[in-house]
Each structure stands twice: as structure tokens, then as C-alpha cells.
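Trainee: Pulled these features from TrEMBL for this protein:
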type     : residues : note
COMPBIAS : 9-20     : compositional bias 'Polar residues'
COMPBIAS : 143-168  : compositional bias 'Low complexity'
COMPBIAS : 189-203  : compositional bias 'Basic and acidic residues'
DOMAIN   : 3-95     : domain 'RanBD1'
Amino acid sequence: EYEAKRASTHPSANIQGDTSTGEEHEVTKFQMAGKLYMYNPEQQQYAERGYGILKINESHDPSDWNMLHARIIMRLDKAFRVILNSPIFPHMTVERVTDRSVRFGAQDESHLRVFIIKASANDCNNLCKELQSRLQIIERQQSSSNVNTPVNNNTTTSSSLSTQNSTNRIRKRSHSNSDSDTPKSTNDISKKSKIIDGYRDGRNQTSDEDSVESIKTGEQETNN
């Protein structure tokens, strides 16, 4: 319905080859309409990027057809300006926030950011499935590549862990701002806080006990 409306109001959008989009050698495997938001860590809130069409595009390495490359790209409705363009990378976070919204980590001008897209429940469900299925393929490819190139294994693993940790840190900061309508997420954060507090209390207690033992040992050595 959306594509039919766009075609009737913007016939030039259907003309192929007139304008280079960078997608000519890619295959669109999934697309959906929705409104995109990006978390701003400085303002600690989500900012709207606009309404448009999000696509999952695929391409293959000419030297190795079995090597899949996939990315998510989203353009503004009518203006067609790119508001999201990120490769699908190993350990990329994808999670359902509500029935009608999905949160995911992605690159924005070489920086890791947290995004939320709001759309129909069916589109959100399909988006999660499409992203997660490609994540599994890409992570298997990375594991296979690491086995074949053991010299670079540590570097690749370190890079993947760094990417995952950075995304997780940003995602944790954005949780409180995006989950106001999801009580489960709030409860999860409270549980995590209690676990962390308990862990810290345990560490402090252990540290105090170690200090007492150290003092006792020092006194015994002095007496001897």
C-alpha cells in the first residue's frame, strides 16, 4: 500500500538507472515502513530521525560467493535522504522493546549508536527475525575465518568484543529512556542493580576480611 501510494505521487521514484543510489549491486531481501529514532548520549534521550523505508540489502564477495555482506539502510519518505546506513556486524544487538518497536545497535558515521524503529507489530516481528538470521550467518563466517587465519584470531576477537561492549554500554544508558512503556524492562534493570549491589557488598566484605588477616599477620611477625 505504501509503495503504491509513493509510486502514484512520485512516479520518478520508479525510474531505474537515472540516479545512482549505491544499491545497484545489492539485493533487497526485506523492507518495511517505520519511524526511526536515535539515542543521543549527550542529551540522554531519543531524537526522531524521520519516517521512511528501512531495507536489508545483501551482496556477495566476488572472490568468494559464499561470503555474505549485509547492511541496513533507511531513507526518508519523499526526500529519500539516507538516515541510516550500517553493516550488519557480529554481536550486533537486536531486541524487541514493545510489540510495535525494535531497538538495535548500528553504526552512524563510524560511531556505534542505539536506534529504535517504530512500526506495525508484524513488521517489527519480521525485522527481528531477518536481522537475527543474518547475524547468525555473519557470526559463523567470522568464526570460520578465525579458524582459517589463526594469526589474526586474537585481533579479530578483541575487535568484536570491543564492538559488543561499546554497544552494550550505550544500550544500557538508553534503556531508561526507551522502556517507559515496558515494565518488564524496568524490573530487569532493578534486578540487575540488586545483583550488582550484592556483588559490590560481597567484594567489600572480602576486602575487609583480607585487611583484618593482613593486620593479624603483621602483628604475629612483629611479636616473633
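Each residue, glycine too, has its Cβ placed from N, Cα and C.
Curation plays no part in TrEMBL annotations; they are all automatic predictions.
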Trainee: Looking only at the domain 'RanBD1' (3-95), what are its DSSP counts of helix, strand and coil residues?
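Mentor: With helix first, then strand, then coil, the domain 'RanBD1' (3-95) has 11 helix, 52 strand, 30 coil.
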Trainee: What mean pLDDT does the predicted model reach across the domain 'RanBD1' (3-95)?
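Mentor: Mean pLDDT for the domain 'RanBD1' (3-95): 84.
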